[in-house]
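**Q** Okay, these came from TrEMBL:
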type: TRANSMEM; residues: B:20-42; note: transmembrane segment
type: TRANSMEM; residues: B:112-130; note: transmembrane segment
type: TRANSMEM; residues: B:142-166; note: transmembrane segment
type: TRANSMEM; residues: B:173-192; note: transmembrane segment
type: TRANSMEM; residues: B:212-236; note: transmembrane segment
Amino acid sequence: MTFTALQYWWWPYLFILVAGWLATDVWRYLGVYFGGRAAENSDVIVFIRCVATALVAAVIGNLVVFPSGALADTSLILRIVAMAAGFVAYLLVQRRIVVGIAAAEVVLFAGLLLG
Amino acid sequence: MSATLPHEQEHSRRHWYLRGVRATFSIPGLILSSAFVGFAGLAKAAGLTLWQSVFMVGVVWALPAKVVLIGAILSGASLPAAAFAVALSSIRLMPMVVALVPEMRTERTPRWVLYALSHFVAITSWVLAMEQLSSVPREMRTTFYAGLGGTLVLANMVLVGVIYVLADSFPPMVMAGLLLLTPIYFLTSLWGSAREGAAHVAMGLGIVGGPLVHFVAPSFDLLITGFVCGSLAFLWHKAGRVKISA
């Protein structure tokens, strides 16, 4: 049952509700329920944070290596260089996200204009 | 402030709600908006309709969860696999809410208010709230957060709708730039939000592991990478602890 499996107008919305809303709000509701009881640095929480972080990192990697839309027409090397430049700039300039974003975009545009 | 009379409280409730609304217009709020501009491009490129994209912003809200959901849709994952991947990527919301609730709650706060407000919890609103709640009178904190969280969600729903409609008129180079916003925003904000070194290890492994696993198992790449790379990072974390204590 994929996102495009059924042709009914409501199917994508149901898909988003179950795989999106339910899958996120269940954790928020559990957070309210446990409010203050769970220890922030218990091994379980650290492990869960590790898995969640690796999962989101995998999404970042996939967005760069297998991009969609107009980004797919750029070269892989350019995308990786742009990301690396953004990350290094972010680390160098007081960990400012704005600086990282700006540096990555500048490198991407420069690469596209020169290439 | 804690000794305000009822009629003054009524007046200041509106005041604190608006203070929350105003807190949205800040640097973190602007950065988040730029990531949502990128998300609009991503959703459109993935084949979602305008209303599906706006709907997703409202009901899911957390950007990593939405990007994982789009990723799952793109790789043709089934509903259970997509839900599982999104749920895994969103576990982090629970400890965030756990940390936020004691900051906002008073003895008289109804439970449903906390459940309703928890929907607004995602990285940016959480960071802003944890930063600013201490300067808000305790009885006004839920009100303040309703203004902050509600405005962030609504403003970005509108933003995604507008960018989705305009995206066709953007030159391809601008679209490419928009689509790069999401990964670079996540890379930097995720790195900055790490609580322990293990999270940086998990990031390094995951960002390389994701695309590699994608070649082998495209429909389960996120789950496999999350579990394998996350476990390795956790083992690294434990090994470091043992070394220090020995």
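Keep in mind that glycine also has a Cβ here, set from the backbone N, Cα and C atoms.
Describe the structural context of each listed feature in the structure shown, including burial, neighbouring residues and relevant distances.
**A** Tertiary proximity for the transmembrane segment (B:20-42) is limited to same-chain residues at least six positions away from its ends with a CB under 8 Å from its CB atoms, namely 53, 57, 63, 66-67, 70, 124, 127-128, 132, 143-149, 151-152, 155-156, 159-161, 163-164, 167, 175, 178-182, 185-186, 189.
Sequence-distant neighbours of the transmembrane segment (B:173-192) (same chain, 6+ residues past either end, Cβ-Cβ under 8 Å): 31, 34-35, 37-42, 45, 63-64, 67, 123, 163, 167, 199-200, 203, 207.
Nonlocal intrachain contacts for the transmembrane segment (B:212-236), taken as residues 6+ away from its ends with a CB within less than 8 angstroms of a stretch CB, comprise 68, 71-72, 75-78, 81, 84-85, 88-89, 197-199, 201-202, 205-206.
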